[in-house]
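Trainee: So Swiss-Prot has the following annotated:
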| type | residues | note |
| --- | --- | --- |
| REGION | 1-70 | region 'Disordered' |
| MOD_RES | Ser2 | phosphoserine |
| MOD_RES | Ser4 | phosphoserine |
| COMPBIAS | 18-32 | compositional bias 'Polar residues' |
| MOD_RES | Ser50 | phosphoserine |
| REGION | 65-123 | region 'GTPase-binding' |
| REGION | 65-150 | region 'Autoregulatory region' |
| DOMAIN | 70-83 | domain 'CRIB' |
| REGION | 84-282 | region 'Linker' |
| MOD_RES | Ser154 | phosphoserine |
| REGION | 171-215 | region 'Disordered' |
| MOD_RES | Ser186 | phosphoserine |
| DOMAIN | 283-534 | domain 'Protein kinase' |
| BINDING | Ile289, Gly290, Gln291, Gly292, Ala293, Ser294, Gly295, Thr296, Val297, Lys312 | ATP binding site |
| ACT_SITE | Asp402 | active site, proton acceptor |
| MOD_RES | Thr436 | phosphothreonine |
Amino acid sequence: MSDSLDNEEKPPAPPLRMNSNNRDSSALNHSSKPLPMAPEEKNKKARLRSIFPGGGDKTNKKKEKERPEISLPSDFEHTIHVGFDAVTGEFTPDLYGSQMCPGKLPEGIPEQWARLLQTSNITKLEQKKNPQAVLDVLKFYDSKETVNNQKYMSFTSGDKSAHGYIAAHQSNTKTASEPPLAPPVSEEEDEEEEEEEDDNEPPPVIAPRPEHTKSIYTRSVVESIASPAAPNKEDIPPSAENANSTTLYRNTDRQRKKSKMTDEEILEKLRSIVSVGDPKKKYTRFEKIGQGASGTVYTALDIATGQEVAIKQMNLQQQPKKELIINEILVMRENKNPNIVNYLDSYLVGDELWVVMEYLAGGSLTDVVTETCMDEGQIAAVCRECLQALDFLHSNQVIHRDIKSDNILLGMDGSVKLTDFGFCAQITPEQSKRSTMVGTPYWMAPEVVTRKAYGPKVDIWSLGIMAIEMVEGEPPYLNENPLRALYLIATNGTPELQNPERLSAVFRDFLNRCLEMDVDRRGSAKELLQHPFLKLAKPLSSLTPLIIAAKEAIKNSSR
């Protein structure tokens, strides 16, 4: 009798999404992002010789002295003129544009772009309706900048809660202004560094969401696209912003304005940032929770305080842009907040950089979004915490640029924290807009997709898309080919909900404020913190049953 009473007093289990038990266990290898191909040993040695000309044997030194120095061509441009024939619905050579450049023949759309377009599922009608948007997304997809900004590091084993820690600290941060002590790395210089990367290896395509996070209604992409590695660096000049014609510039072998930092200079700079001492004497009970391409993530206990932390151990020799790690550490060190997974400490241990971060055992919000159903009060609570983090970052001139459920970590107490500053940008009042294309496509703001100058409100758009994730289990257009998804983001405006009638009027208004196409009318983090929807927020402890239910569902599906 008492047992039956106890059972009646227990609250009902949180509702699970229909897809939680229909997953292929093989999908639980969370390698959602493709890893770059390992460069050939010969290429590695050649690159090292180019960076450290003093190295090598005496014979090579003698040959180097005998060889005359010939400078690289500078400011070389390959201009491509693309027009659009409204009658045939085809992209054609732009005869007018070619006349503007004497001696150049009209070329039309590059062959690799034509191949991308054929497999993109963008219909002829859509191409005819907005050819400029098509060119914008083709330029993005073909851009090496996008390839170099992919988060290559994804863990292959261990606790899924490691996800946010493994993705963080990638050497792909771009900063518009440098924090103290950091070497100046301008946007243009960073792009030139990317051009020097080995072009022989094919770039990875934009990875769709892992199969286990898709709903039962999600169609797989019909055909994967192999993105050609074309060094496409210059933004479309204002004079060429025309719906029927655009001039695109391909720069090759541009002369470097400033040389890269040497390994010794990078180590010297890191020594001025990191703590002195042996971290093995400060932390104990190391437990591996994840493995990535350039490092390993462990949990450990701080001996003095008993605090559980996450420690990422990165082999510096395997980091493609070691100098940018400095910028990221400084940005994170200077921006601490209760709603951010905070940087705690760092150490140099031999050839490794150890970065110590807060540890949240609840895992990423993606687990909760894909495995359970959240109500509006719980969604409001998550949105409030994220907006508090964004308000703090934006007030400190930092744009996150990759807001999505994967980058929100949860504590078992329901705490909500923003992580992964691999794409973050620091801006100044003098340079309050940026125009680089970074982030994850399905969460991107339209102004980012179309390569316009943008500000902190790109994070607000992404937050709105993440709110849709919390309602529907996935972002809009996830079932589309990535290239077509970019086109739809650029042209459709605010995405439509599957069942808007199920949402309250105040929630729909909140989404509309986040997903406003007109950036000036889109709410800021500070403004949205006053939105009536956030008054519906439940206590953060209401997220704990969802976190437990998500972990249980993942555990059961892996059996």
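For all residues, glycine too, the Cβ spot is worked out from N, Cα and C.
Relative to the rest of the structure, where do these features sit?
Mentor: In the three-state DSSP assignment, the secondary structure recorded for Gly295 (ATP binding site) is strand.
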Trainee: Based on Cβ atoms within 10 Å, give me the single least packed residue among the binding-site residues Ile289, Val297.
Mentor: Ile289
Trainee: Quick one: give me the count of other CB atoms within 10 A of the CB of Gln291 (ATP binding site).
Mentor: 16
Trainee: Neighbour count, 10 Å Cβ-Cβ cut-off, for Gly295 (ATP binding site): what number do you get?
Mentor: 25
Trainee: Would you report the average pLDDT that the model assigns to the domain 'Protein kinase' (283-534)?
Mentor: 87
Trainee: State the Cα to Cα distance, in Å, between Asp402 (active site, proton acceptor) and Ile289 (ATP binding site), rounded to an integer.
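Mentor: Asp402 (active site, proton acceptor) to Ile289 (ATP binding site), Cα-Cα distance: 23 Å.
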